[in-house]
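Notes follow once the structure below has been shown.
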């Protein structure tokens, strides 16, 4: 296009230069017979000359036709005429074609104004050639000059426009550069398609009408589709997400430019409930408008199920921990407990909060503090991994608790932190009983100590193997353990033969390793004595090295049969204990079922007589009220009112009992919407002035929390009803971890002296004559908030109203 325009401009300039010379030559041609008409111009250019010129623009009386001006031959004249007409038709075609291009490609053609000027310039040039042909018959030289003047003006305007367009045109990319850019974009597009195709997650891209643009292979396999869906509409697909009404709303939000995501969503897939994490992300076109959305879904069912099993397992272990018959505590490296069970607190006589705010040493009896510190340091310094110690604790009431404490060191597999597990067995009762007979206790301790000493000395022996002399030495105890007479001649081979056939190769290999590689050994093995008695022994040995050579082997030999068999028995007892725990858990579950059946039975059995009392009382009241004394009528009203109250009491008790079995359906929702629904639903609230500030989004069970807010708002309205300027204020706050909502009234209030009884069942701080109620509503509120791991607190002053604040933890996406 640029070369065409440049070439055309050059040709036009040359042709017009020749036309100017030709006109000058023809008009001033000195031919005798035309001298009268073709004369030399005289005079200067004046304003009157311009006026006269335009007044005679089409006047031809002063000029001859071109056939009459000059010595034209027939061929020369028609040659000029045909040439001018040919140029005119060509120049007429060029602007027509340019206008056609502008019309067809009006969105992306550059320099539209310049092309329009160039088309006008070409068109005018064509008309000048047409006039040149007409002048052969009609001498309209004045009009020809005017047309050429207009052509010149348009030509210069075109030149100026071209000058302004040159810097932009110079920045146009060459075909080679354009091809390079196309190749790069093609490569990027191919890479993007490969990325989408082979991404391990289910990803799909849609246009703004939700037609498929691209999808990953994982998408096809996850939802049973194929590449044939590309170009089809998502809403005619059988995607299981479409069964979720909120999914379509989420898509609409994404189409409006909002990013929508959910960490966990339950979807029914092929008859089973699966869990997904999904994101809806809008993408934008070159104009910044939403071009469609990108949909990402990930099946996290395995993770959710694993998490649920883990939580169930943790709850099971927590139950064992909390119901264990001995005190259990986890202690950090500063000797401060960070997790304790109820039995531990009971032994020490402190509340759980008090125990967690003290160190073990602070609760230890001063006389045992040094011993306890030494044991703790031994564990910390890895001198031992398990130890047991008898010690005394100083209880909160200053009494002494005796206990046997088993301590073991454990390591957190995640952060490698070191903790200590304390198993505390309360021996206070045993110690106190032993003190009743001090002499007997001392004798028993002395006898026990002597027996322990005799046992240790009598059941441990020594041995030595001289490799150079090939002689074996045994102490008396070794002979005794083998049940052999003293001084029985023993060799290395005969000594190994006394071991059980399953263990003889082990001791033989240990001896060879000690001789060849200088390695010691410490083994627990089975021994068959000379009397064929099967006993467990501990064999310890090490090489004696002289000048780099093993000259002898020495070691100890211990009878551990009692201990070994005791360990095996403990293992069996542990298995029996686990079976007993499972059995008790099953019994507890059965008891819960029986309690549920009992609750239903009591509810049903109580309702029937209540309905009868209420029905008969109303019948008497309606049929005989005019015949009965006022006092009897008053009694009937009381019976009906109390029957109604009893029914409400039963309903509340049932609701309270159901809460412990009810599963929470947690979700994220606006507290302002929930409270607004509650306020608008009750027509009695229309007479109450509510001041509701902007409330935060909360995470919880919509129905259960609605029950809490309904109860608190109802109480606020009820207890402020005597105030002529009744006002209920509701506002919220938010921190990094929690959100809180406060409901405040300007009613009668109550004394904080009775605050500890506020959430107890059947506890009321006002009489029925003042305000009706069952005394269960706040207990239900407290139970529901506990189910959400939240807190409910209050402040009040008599005559100045009350405020209740609910604090709930935020979810991860709050």
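Yeah, the Cβs are placed from backbone N, Cα and C, and that goes for glycine too.
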Transmembrane segment per TrEMBL - which of 23-45, 46-68, 115-137: 115-137
Coiled coil per TrEMBL - which of 531-562, 563-594, 595-626, 627-658: 563-594
The domain 'PAC' (260-312), counted residue by residue under DSSP: helix, strand, coil: 12 helix, 33 strand, 8 coil
Confidence summary for the domain 'PAC' (260-312), mean pLDDT rounded: 84
